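As structure tokens, the structure follows; a few thoughts come after it.
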Amino acid sequence: MTLIKGLLIKKVKINDQLEILKYIPRIQLRLAGEKRKHNEGRVEVFYEGEWGTVCDDDFTIHTAQVVCRELGYSEAVSWSPSSKYGKGEGRIWFDNVHCTGNEKSLAQCESNGIGVSDCKHTEDVGVVCSDKRIPGFKFVNTLTNNINSLNIQVEDVRIRPVLSSYRKRIPVTQGYVEVKDGGKWKQICDDEWTDMNSRVICGMFGFPGIKRYNTRVMFARRRKPAYWDYSINCTGNEAHLSSCKLGHMLAIKTNSTCEQGTPVVVSCVPGRAFAPTPMAGYRKAFRQEQHLVRLRGGAVIGEGRVEVLKNGEWGTICDDNWNLVAATVVCRELGFGSAKEALSGGLLGQGMGPVHMNEVKCSGFEKSVTECPFNMDKDSEGCSHEEDAGVRCNVPAMGFQQRLRLSGGRNPFEGRVEVLMERNGSLVWGTVCGEGWGTMEAMVVCRQLGLGFASHAFQETWIWPGAVNADSVVMSGVRCAGTEMSLSHCLHHGEYLSCPKGGGRFAAGVSCSETAPDLVLNPQVVEQTTYLEDRPMFMLQCAYEENCLGSTSSSTPANSYRRLLRFSSQIHNNGQSDFRPKASRETWVWHDCHRHYHSMEVFTHYDLLSNNGTKVAEGHKASFCLEDSECDEGIEKRYECANFGEQGITVGCWDTYRHDIDCQWVDITDVKPGDYIFQIVINPNYEVAESDYTNNIVKCRCRYDGHRIWMYNCHIGGSFSAETEDTFPGLINNQVTHR
């Protein structure tokens, strides 16, 4: 196979006798258009100095496979006709393409001939490729360029620290930009290098901004640089360097130096949560930097459902027109780099409350997504929480995954927790004491390893042998808030460990899951169903046995009354997986009064607080029976309280506890008239892992005059601004500090 004037000439034999020449155009591909992932988009072809598109006529998944592999992805997931990613421009280079799926290039497939088409741009085809890259390709696609007959591919990109003193810093924020080309690392000549190029590089590595660097560090260079042959031209909005346009070929001097004489150095500004520091001194838990935007429901730092604050209330963004540019604005605003993915369809769980923005269109350089134009006429018209937008951001490489591992499990998502700790001047692997180990600690482990959410936390791990040389306990007394990026950031004992039972079978363990449930109580139902009932003591025997009455009930005569504040609870599962009780059903407790099994010892806390936050009355309710009372349209009920069936709440369903059932109240017999705060907490002991605990609480204003009661301003914890929440004492949200 040879190259002549931009054409591949391939010899083809017919019947082992006649030899003919087949001309294969040399082309280049890219994915363009309105897209939400770096690995999807409109298929565009570069040929004879011009970018064009491919028609969807006769297009198949086999053709999509060829396209994706040519772009460096392992396979195609799907393809889309009718200009799903927007209409392209220029020529339609290919029409009626027929591929077997084994071709190395789209140009090798049968078609009408390059440039021969009767299609319009409304028929432009798009593809979705898998996230997995072919070895040797790391970033999104081959570099787009304006040089015909070339097919430049960058295998990898890195920032290499200039000074040796910077090499131990985590994360690496400053250094040479190097690309791997043909298996060798090469530096880039700073001829024509711009701040927009630096912005893209820093965004790739998880940094929101750039700054000028001290040119004196250039004199610290010792090795002779090998330069890459090309310049790069980025707009600043690209998700990766590989999406930038390739400039002209540079005239590299014979002594391997460029005309400017210096290689490119970038200096990135990290988000506040990722400030450079030696690993041993890095102790901070993740803290959000901005107050107008937040992420909810994500398994790892830098991903989640996007929520914005408007008029003091948090709400979501509709996914209409949601794309990588808008997602990147969110990521940079929160102290991360560029967006890897713009998620749609409530993929990270559905929010509650209003939908604040719709049809968002960002330029990419706004400081906040709240500055981007959006459809003012229909903030949420036609949008439901099924269309909530989310993001996955590039975050700095902090090296946390290398300091923790799961050992002995049957699959990579479970095992005994083993950590790398410094002991007697050297780093050793060891176990974590299982005493006090719970869901919050397991959550941090799963996040640190990039394995999603915690499914279970184990205080005994005899079922998992683990590594023999790591049996010794090296960490004890671990207490996590749940927001930490590394287990080492949680509170824990220092040099002097305390673990009475020792390690071995009593070491901490976890099982992780890519998805998790998310319970949310409907505040309107609580507000609308509240009333008082005076009920005689002789009708409250079951409730008395379940400890659902006030402390003075033990001395109350059978013919006297207890005053009950009654209400209904409607508990939705807005997460990504079903909510199931922690205890296996063999351990559930049968209750003769109610004729059903209790699957959780404590499912909900009800508290009446004074205006200064003091508890004046409380109620608690064991899980009567977790079931699907009702579901959203198109979702079938899976759990029902009947005999000894399975209990739980399906995603998209809700479990209703009506006001007229036992223990669905707070006993206020001994409460004086006045103004109070009513508070409900679901899953208060964190028995079951959820994607978001902050929305497990509902708070209401409450006025009691001795005869009647009024409930108003009911809302989910964290749904209002911090200033509004400050006027509600007690729990700000369901936090680990209150365990």
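Any Cβ shown, glycine's included, is placed from N, Cα and C.
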From CYS372, CYS383, the residue that TrEMBL pairs with CYS362 through a disulfide is CYS372
Bonded to CYS490 via a disulfide in TrEMBL, from among CYS480, CYS499, is CYS480
Whole-number Å distance separating the Cα atoms of CYS109 (disulfide bond) and CYS244 (disulfide bond) is 27
For CYS372 (disulfide bond), the number of neighbouring Cβ atoms whose distance to its own Cβ is within 10 Å equals 18
Comparing the Cα of CYS68 (disulfide bond) with the Cα atoms of the disulfide-bonded residues CYS55, CYS99, CYS234, CYS480, CYS490, the shortest distance belongs to CYS99
Across every protein chain in view, the count of C-beta atoms other than its own within 10 A of the C-beta of CYS362 (disulfide bond) is 22
Checking the disulfide-bonded residues CYS55, CYS68, CYS119, CYS480 for other Cβ atoms within 10 Å of each Cβ, the smallest tally belongs to CYS119
Over the domain 'SRCR' (404-513) the mean pLDDT stands at 89
Expressed in Å to no decimal places, the gap between the Cα atoms of CYS129 (disulfide bond) and CYS99 (disulfide bond) is 17
